[in-house]
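Features as listed in TrEMBL:
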- 1-23: signal peptide (SIGNAL)
- H412: active site (ACT_SITE)
- D464: active site (ACT_SITE)
- E473: active site (ACT_SITE)
- 533-613: domain 'Carbohydrate binding' (DOMAIN)
Amino acid sequence: MGLCFSIVPLFLVLIGMLPSALGGHDYGQALTKSILFFEAQRSGYLPSKQRIQWRGNSGLSDGKINGVDLVGGYYDAGDNVKFGLPMAFTITMMSWSIIEYGKQMGASGELSNALDAIKWGTDYLIKAHPEPNVLYGEVGDGNTDHYCWQRPEDMTTSRAAYKIDPTNPGSDLAGETAAAMAAASIVFRHYNPSYANELLEHAYQLFDFADKYRGKYDSSITLAQKYYRSVSGYADELLWAAAWLYKASNNEYYLTYLGNNGDSLGGTGWAMTEFGWDVKYAGVQTLVAKFLMQGKGGHYTPAFEEYQQKAEYFMCSCLGKGSANVQKTPGGLIFRQRWNNMQFVTSASFLLAVYSDYLSSAGKSLKCASGYVPPSELFSFAKSQVDYILGDNPRATSYMVGYGNNYPQQVHHRGSSIVSFKVDPSFVSCRGGYATWFSRKGKDPNLLTGALVGGPDAYDNFADQRDNYEQTEPATYNNAPLLGLLARLQGGHDGYNQLLPVELPALKPVNTKPKAAPKPEITPATASSASPIDIAQKETTSWVAKGKTYYRYSTIVTNKSPKTLKNLKLSISKLYGPIWGLMKSSDSYSFPAWIDSLPAGKSIEFVYIHSASPAEVSVSSYTLV
């Protein structure tokens, strides 16, 4: 690269004690924040326990001109339209997160908040389904909405509502909404049985509607084509809904539907490398594989084995061990597309995590083109994707707003980018919002806590600019799968058999206030003062080469004990460049063989160079003699 630097020799020197490095992510804090994001996306009358205080009531006339109450629900992303298909998928994935990892979420104290987030969505979906064969799938118009840059509280754009019915069908929309209702009914069965029954009744009706009157929803609600076109059609949603209805009801009719229609609707035929709000096949195949591992295949076992083969095709492709592998960035992130790539990262990672736990529970391994893969490898890869999101990446950037020290400041989001009406109630006009607020180069006046933005490009590059909507716009369906992943990472597995019936924990008192974010620190926090080893880091110089800034970091290890330190091994993460003064062996680092000990009170230095924040250095093992 033509970099200019001098290699500093390793040396021993007596120095004072400085803070030591502390690695790892606070998945519990990330979970808290990721749930808070949904409160910022709420439409309608906000509840008294609303925690995102810069938001206010909005969309209070939604559905009125259509003669129906459609107040409530979620804005899907950075605009003010309510799109039914991604909203329903969001609810399905939040529910699946709790179904799999509600135990861990309960231990984190966030289960009640997650239930509130689901119910905010299902309450709206119930309103949107006023008759068995009628479902409202959009409120607002993306074209007029995108012409304006206004707070939800100031909206002057059209709030017309658009529906599907037998004359204008939408099997994908109705199927996904049935899946959401069924999945949520499983969650609420333990906490609110009458509500669960209501949800399940809607799910039954919606599935029948979707199956009987077949058609793509965006052929009926044509305004959605520009924003949420159903490219995959509706066959995957019919299977997806059937799988969730079987899971929710244990009604053999839906298991039979999966067995009889796997071929004609593509469940046994389509091998996918993506999963998201449009393409559900990998999700269906994962659920059916679970049914098979639970011994529920019966005489449909041969068909269900084909579903499972396609599920494993997806898993292997994500790991890079299949016959057609998912693209990844140089930093290791799954890369599917330029616009909001992060949605595919979280959805895929969730499937990898749950499938890993299914395999572990069944005592099985994953079969890939390259050979057998242990379940732990699936989970490790899912964890690597979450860690990338939270900051373990070449830019050392957290793509979750409000998490870590370096996260997006100019989010493509109307509400967060315009001063709260509680601070300045002056009306923000349609075009005036663009002139005054959208074009500002400063950071957002309101922190969109927990929002997962679109993320970096295929080369790990990211431009934190409000007009860069491909990378800086968040979405509810980015966050939904994260709830389960973060709960699982925070709470561990605890020996729970994922193939047994769901047992959700009792609710703990509601955490009404978000946990305070840690104050930014350049050097990681001090470890226990009882530790005999001190690690201190500092930046010693920086320079620019080919438009990129590089930093040289000095790390000094001090033996604070009265004994001689031997066999020291260090763990280093978030290191993206060359290092001098250490030798790497397996997953740890050690000093060269000729430096076999560090006397009491002495220090030793190593240096490294990269274009990011300091690496995280911690002690793996040592002996004192």
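Backbone N, Cα and C atoms are what each Cβ position is placed from, and that goes for glycine too.
What TrEMBL says about a protein is an automatic prediction, not a curated fact.
Cα of H412 (active site) to Cα of E473 (active site): a span of 5 Å. Cβ-based neighbour count (10 Å, all protein chains) for H412 (active site) stands at 24. When Cβ neighbours within 10 Å are tallied across all protein chains shown, the highest count among the active-site residues D464, E473 belongs to E473. For the domain 'Carbohydrate binding' (533-613), the model's pLDDT averages out at 80. As a summary of secondary structure, the domain 'Carbohydrate binding' (533-613) carries 0 helix, 52 strand, 29 coil according to DSSP. D464 (active site) sits 10 Å from E473 (active site), taking the Cα positions as reference.
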